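Written below as structure tokens is the structure these notes are about.
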């Protein structure tokens, strides 16, 4: 697209030039050329063709009418030549670009990226994710106010539906599920029931209607990441006594059997483990804005205190509920 | 013309006012409250000094420093960058008010942009101040001293301490320290050429000889020189009230047009600014219509402006020019105004003085005539022998007359100096003869001592001869020898015999005819001819004790024996003919403008090649065809010698016709005022005119000229002030060297600009593609500034050291209106060819970095909004991994670094290809310009420091980069080189073709 713009630009400049060119021929002959060129070159031959102006007795003799037409054709041809040049030139560059990109892509594996050093440690994210920067505002008695959260959660959990997990296997809990040697990587089953009240099975509104909203915390997928220790999610709030936090699975545990992840193409059915956080907001704390910070703890190789990256192993969000 | 009127006005004004020349000594003493014997008292002098100010010319009023500084701050691209900074601050304000997360980025960007402008402004200001200082220091080099009588004591005082009423003493060689009414003189002559342009020294006396103070003999003017004799006088005017002061202040009124390079740079700035603004606005509209937020669109606009503006370029140009100025100073061209460096290169007409510039400014014996034959003498600057046949007896006799009949003497204590360099006391012709004799015969003073002088009649204008009588050094010959020299026809009148091959023969009409022919021939060469004769006085009539009396002339002064003729000329400098022919092949017209006689002027013009051997003037043609001058077709004569008197009567059209029709022109007997008319005439032809000058009266012409060249040795301060350049050795050949340097810098600036412009596209494309394809930002604004002001600076200066590609003195001067510094081809080739190639290379690196980290190119398209969203911290890549915002940003900075590194690598190739515009790099030599390599290493070094050294400073947006990414763009760099070699090959092979026209910049 940008290339086309340049071609157009070039063409318009060039054709302008073409028009000037004819008028300049005479000046060019009479005035000194800018570089002294050997005599052989200095003679400017008028372009061949009957219309060409001739240089006789020190002045050009103008020939009558058909000249104009031929001139126009000539200018068209000249600009055509330039157009052709840029077409070929940019065509070549485009081909070269495509070719080098193709070569580069050939060196890449389709399974895992070449380098993963830029994402050594995973970030945390929540679902539902409000449009306005991680702030939940809703009225527990107005279903319309949290409908979007609910539908997002429902949509998000659809992939975790038992029917979708038919081919997933039950893995051994508490142990990293290494399958490096396997050609087909299997995905571990994540039972929605583990999310308890936040699974959406009993309470279709994920607690929003009862003033106990659920928020799912998930850890970013990173290929090959094997958490050490016993990672778990812990949330806290500075405003003590405003909210009670309940974790599903209990203790906010993230089971090691869901790691490592082998990438989209090898590990197509992979489901990342979730931790549901149910916020039981005290009835006297409604209308207050409560800041909740969740962190991943218990695993030495998962960072959660980076100065610059506020989402590395942690996440903060606000909840404000009205009645 | 207007100026001339003003000059005349001042002159008439002065005429009415001053009557000091009419007063008697006593009246003067009374008027100025001084005493001729005791001078002023110190106290009184101090009082007057306090009243009148120092005796020096007020320098032209300078622009206040703060104005100069502010001009630098808003000139050139600065406005664009200020706009960018303002936009940054505005968007910071809006974002801050909206409470966005990282509004400070824009604040910093604005600060950085402002800093860039201020720093480059300070740099440019510093450069300008430095170049102004060169000149200031130059004029202060020699403080002039004056010998003053104060408190009845003789004191040496700095000349600027002089006050009206001071009594000053002057001797030969001194500069007159103020306007002086003379009260005592002894053989005093002054050279008024710096004031009036008359080259002949004028004698000065105490007599009131003319109503007009400019004409009267009893006033000597400030800044003129005393050539010989001594004088005492009363100071009547000091400082700006002197005649010179009044004229000098006129010169500042003559308009000083923009230099060609300034025009070129302005044109270039407009071009680039035009491109920047139009692309900026275009994409602003595009981004707004693509539903980007206005604020975002403004930020894009800043990016586009920053990418388009070559921030470092103007500083680079200044540095390149000052480097060339330094180089020229080494070659004796001191450039006062940096831009004049290039102006000299585009010079198409040089109006040169004759005396001192084209010639050696000293009379030298050029021809001899004896034994009925003309001999040529060596007139070069460093002659040590004379090659002509010296075996004849006649020569022996002639040499004796030359030696003895001469009052000039070497100043003592110069035995070790070459003869030609020794200082002589005596007038120009006698000096010439003395040096000539010294070279041919050896110790002249010794010969004179051995042939003791017994009587002498010095030259005077009524006799037109000089005579002396000597004892001879021949012990056996007791006769006295009478020797005489003078105007040839007068000498011949007094002769009855002529010496041929050492024998005296009667002077018959045939021999007289031969004399006439020789005399005419030598005179026709513009030479000053002297005749020499002698007579051995019979011993019986003039015994040892004979009392010679020069008043009664009790010795024979007729029936002498004619020996020969010597002719003298101020010969051309030996380097000049070569320089003139260089000018000729460089398409520069050399016009001689001189106050001298047309015949002399024409002779010198012919001998240096200003009038070539084959060309004829109208008069020559008339003579050859034997028809009256009026009937000759003026257009057929290529040469013309125009007399000042003719010039006076010419209309402007006639002058234009002369300048247009003749390629070889000499203006003789011209006044300095006419020089201005000639310069204006040349400028009407559209020429870039260089003018040399030394006198105060030349300053208007020097100012008017595109480049005024003052003489460093002979030049007056006023001329040096008015000039753009000072020629330290007064040599015409140095001008030509200067022209060569000027042309080279024009070519090299082209290369520098082409080099600098190229990467602007590689900086701009990321923004455009970012806006259109919504990919993550490939390069940051700060990163761009690091290229423009970091890696690229030294390489672009290095191009100023590039040698010329071919003989640049074999092409015509640049046509001001057509051969632009930045022409369409240059812009198109840099922007749309190499620039695009660079962008492609850089984008390949960019996509490689992202792909190898997990974002395949296809994933990147259209992701901008999500990518930049602070709320999205689980952004999925092509492999299913999820990224936080900061992880993405860090990757984005890695992308910046990779893009930056790619541009740097490709700029190395760009630097190499810019070494030449036509020749292959291999013809030019890859290693001949060592500075280029300094540039390349510095470029890579700075890039390494930025990536690995400062890679952890987040504010700079650099990150350490995997080593292999440095090489991704290498194939593209090689491609750039190959492509450019092919371009040059076609240009060389198919000159004048479509390719040549479109690809040669």
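Glycine is treated like the rest: Cβ placed from N, Cα and C.
Between the listed ranges B:963-979, B:980-996, TrEMBL ties the annotation transmembrane segment to B:963-979. Of the candidate ranges B:779-801, B:802-824, TrEMBL annotates residues B:779-801 with the feature transmembrane segment.
Range B:107-126 is the one annotated as transmembrane segment, of B:47-66, B:107-126, B:127-146 (source: TrEMBL). Between the listed ranges B:706-729, B:826-849, TrEMBL ties the annotation transmembrane segment to B:826-849. Transmembrane segment is the annotation TrEMBL gives to one range among B:243-267, B:268-292, B:343-367, and that range is B:268-292. When TrEMBL is compared with the stretches B:732-752, B:753-773, the one noted as transmembrane segment is B:753-773.
A contact between the transmembrane segment (B:298-321) and the transmembrane segment (B:963-979) is absent, since fewer than 3 of their C-beta pairs, 6 or more residues apart, lie under 8 Å. Between the transmembrane segment (B:268-292) and the transmembrane segment (B:74-95), the number of CB pairs under 8 angstroms, six or more residues apart, is three or more, so the stretches are in contact.
In this model, the domain 'Cation-transporting P-type ATPase N-terminal' (B:19-93) carries an average pLDDT of 82. According to DSSP, the secondary structure content of the domain 'Cation-transporting P-type ATPase N-terminal' (B:19-93) in residues is 48 helix, 1 strand, 26 coil.
Beyond the ends of the transmembrane segment (B:107-126), by six or more residues, the same chain brings 68-69, 72-73, 75, 78, 81-82, 84-89, 92, 302, 306, 311-312, 314-315, 318, 781-782, 785, 789, 955 to within a C-beta distance below 8 angstroms of the stretch. Sequence-remote contacts of a segment are chain residues at least 6 beyond its ends whose Cβ falls under 8 Å from one of its Cβ atoms, and for the transmembrane segment (B:932-951) they are 786, 790-792, 794-799, 801-802, 897, 900-901, 904, 907-908, 911-912, 915, 958-961. Beyond the transmembrane segment (B:893-912), the same-chain residues lying 6 or more positions past its ends with a Cβ under 8 Å from any Cβ of the stretch are 755, 758-759, 762-763, 766, 776-780, 783, 786-787, 791-792, 795, 798-799, 834, 837-838, 841-846, 848-850, 853, 921, 926, 932, 935-936, 939-940, 943, 946-947, 951, 954, 957-961, 965-970, 972-974, 976-977.
Against the transmembrane segment (B:826-849), the recorded stretches B:74-95, B:753-773, B:779-801 differ in Cβ pairs under 8 Å, and the greatest number is found for B:753-773. The list of residues near the transmembrane segment (B:779-801) in space but at least 6 beyond its ends in sequence, with Cβ under 8 angstroms from a Cβ of it, reads 109, 112-113, 116, 302-303, 306-307, 309-313, 315-316, 319-320, 323-324, 745, 748-749, 751-752, 755-756, 759, 763, 766, 842, 893, 895-897, 899-900, 903-904, 907-908, 911, 914-915, 929-932, 934-936, 938-939, 942-943, 946, 955-958.
Sequence-distant contacts of the transmembrane segment (B:753-773) (same chain, six or more residues past either end, CB-CB distance under 8 Å): 268, 272, 279, 283, 286-287, 290, 292, 300, 303-304, 306-310, 312-313, 316-317, 779, 784, 787-788, 792, 795-796, 799, 821-822, 826-827, 829-832, 834-836, 838-839, 842-843, 846, 861-862, 864, 899, 903, 906-907, 910-911, 914, 1001.
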